[in-house]
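The following features are taken from TrEMBL:
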type	residues	note
ACT_SITE	C174	active site, proton donor
BINDING	K80, N81	phosphoenolpyruvate binding site
BINDING	R150, R179, P180, I181, D182, L183, D363, I385	UDP-N-acetyl-alpha-D-glucosamine binding site
DOMAIN	65-462	domain 'Enolpyruvate transferase'
MOD_RES	C174	2-(S-cysteinyl)pyruvic acid O-phosphothioketal
Amino acid sequence: MHLKGEDKYSHTVTPPGNMHIMSNILCFAFFDESELTQNVICIDSMSIYVQDFQEVKYVSKFVIHGGNKLHGEIRIGGAKNAVLPILAATILSGKESILRDCPNLKDVHTMIEILRSVGCKISFQDSVIVVDSSTLYSHEIPESLVREMRSSIFLMGPMLGRCGKIKISYPGGCEIGPRPIDLHIKALKALGVQITEAHGFLECEVQKLKGCEIHLDYPSVGATENAMLAAAMAEGTTRIINAAKEPEIVDLQNFMLKMGAKIYGAGTSEIVIEGVKELKRAEYKIMPDRIVTGTMLAAGAITGGYIVVTNAIPSHVQPVVSKLKECGCLILEKGNTLTLKAPERVKAVDMIKTLPYPGFPTDMQAQFMALMTVAKGTSFFTETIFENRYKHVDELVRMGAKIKIDGRVAVVKGVPKLTGAKVCAKDLRGGAALVIAGLAAEGETTVEDIIHIERGYEQFDKMLEQLGAHIYRIQ
């Protein structure tokens, strides 16, 4: 255990037993190596005791003073949506895996903690994660960790491939509408898995996974990845029809190839996996995060800025780049670098419709909506992926945005200026959108509940500060 930091609270805390303390309490926050298991040691003149971190109110927020044009260079780190399934995949080999350029995010630490809970040995330092899965001893995933993050569902495929069984509760994550796991279950059942559902848990078991043809009713990213992971060590050949095409799926395939899997077709609608009996040690660099890339470009655009984004893959963000050009931004693509020069005020884009890749990503809808709130003209957004992904709208309206919602359609009428306000991040991408809006708003904007934002953006405030934004964190 290491002392990570200290903060003073004037806070009512109920410690164990009958003791009550109401005073200025000095609280030391301790974190284990994963920075997930958090306890607070509370001290006053009368006592010392350990309190579960979650029972002490510990609030972080961003304060933004808008009006600064962003200018400078920023490097994009590894993709959250790539590293999570790849971390799950390390279970399959039963050997050491080394992953480079890993983002230091809450969800990544949650996945690390899940892997540790089933016996894996893991270190994480300087963006490098080393996983030794040879010590795996359990097939039961702790419910408390599963409920923190939807991506915990990725454990199903590799655990079934390695152990032949898994017990897991239904996953958590952002509340952006129903995201049923029926496609995952259907794919695993096709491979021969027996699945029992009871009291919020899934108990899955299989003697031997058998290769088959899996037809996905919808090109779900998660179901595609789970099927790939389960089929890697199945008997025979598996074909996934109507597979999702996202770049993160290609990244997972590339890592699996490094482990010795026989798999091809990722990035197309049909993926073929020939099962193997054994996988090997692998070392791999995680792809850059295309959503962080798009978010930084949107931040540059809303401030009329000039920014250079390095360690990006321009082909991954073409739908966003295309819309940015449409609204008047000049964008130069060269190698792994994107340079954006924005006008003083962007033009409205007529229609933004979210679609599976290579369409406009649902994970960029909120950030682009923030940009359109100050555009010249009116924009129409149609969210086709999730039912409840307009939670940021009410918060943007607090800042002076003119937005009307009708079902899955949002109509945004641009205004010359937003006004700083106190707003609340309701989910990951919506929270990022509020920060972007704050960069362009007059006065001070406070974004609360930034824990959601930090699930997907590593040191978001520092990245923006590096480009000249006036933003700081209050804890």
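For all residues, glycine too, the Cβ spot is worked out from N, Cα and C.
Whatever TrEMBL says is automated annotation, not expert-curated.
Source: prediction; values computed, not measured.
The structure, with features from TrEMBL marked on it.
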residue	record	Cβ neighbours (10 Å)
K80	phosphoenolpyruvate binding site	25
N81	phosphoenolpyruvate binding site	23
R150	UDP-N-acetyl-alpha-D-glucosamine binding site	19
I181	UDP-N-acetyl-alpha-D-glucosamine binding site	18
D182	UDP-N-acetyl-alpha-D-glucosamine binding site	11
L183	UDP-N-acetyl-alpha-D-glucosamine binding site	20
D363	UDP-N-acetyl-alpha-D-glucosamine binding site	22
I385	UDP-N-acetyl-alpha-D-glucosamine binding site	19
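When the Cα atoms are compared, K80 (phosphoenolpyruvate binding site) and D363 (UDP-N-acetyl-alpha-D-glucosamine binding site) turn out to be 12 Å apart. For D363 (UDP-N-acetyl-alpha-D-glucosamine binding site) paired with N81 (phosphoenolpyruvate binding site), the C-alpha to C-alpha distance reads 11 Å. I385 (UDP-N-acetyl-alpha-D-glucosamine binding site) falls outside any helix or strand according to DSSP and counts as coil.
Following the DSSP three-state reduction, the secondary structure of I181 (UDP-N-acetyl-alpha-D-glucosamine binding site) is coil.
Note: the Cα of I181 (UDP-N-acetyl-alpha-D-glucosamine binding site) and the Cα of N81 (phosphoenolpyruvate binding site) are spaced 17 Å from each other. N81 (phosphoenolpyruvate binding site) and I385 (UDP-N-acetyl-alpha-D-glucosamine binding site) are 16 Å apart (CA-CA, integer value). Of all the binding-site residues in the record (R150, D182, L183), the one with the smallest CA separation from N81 (phosphoenolpyruvate binding site) is R150.
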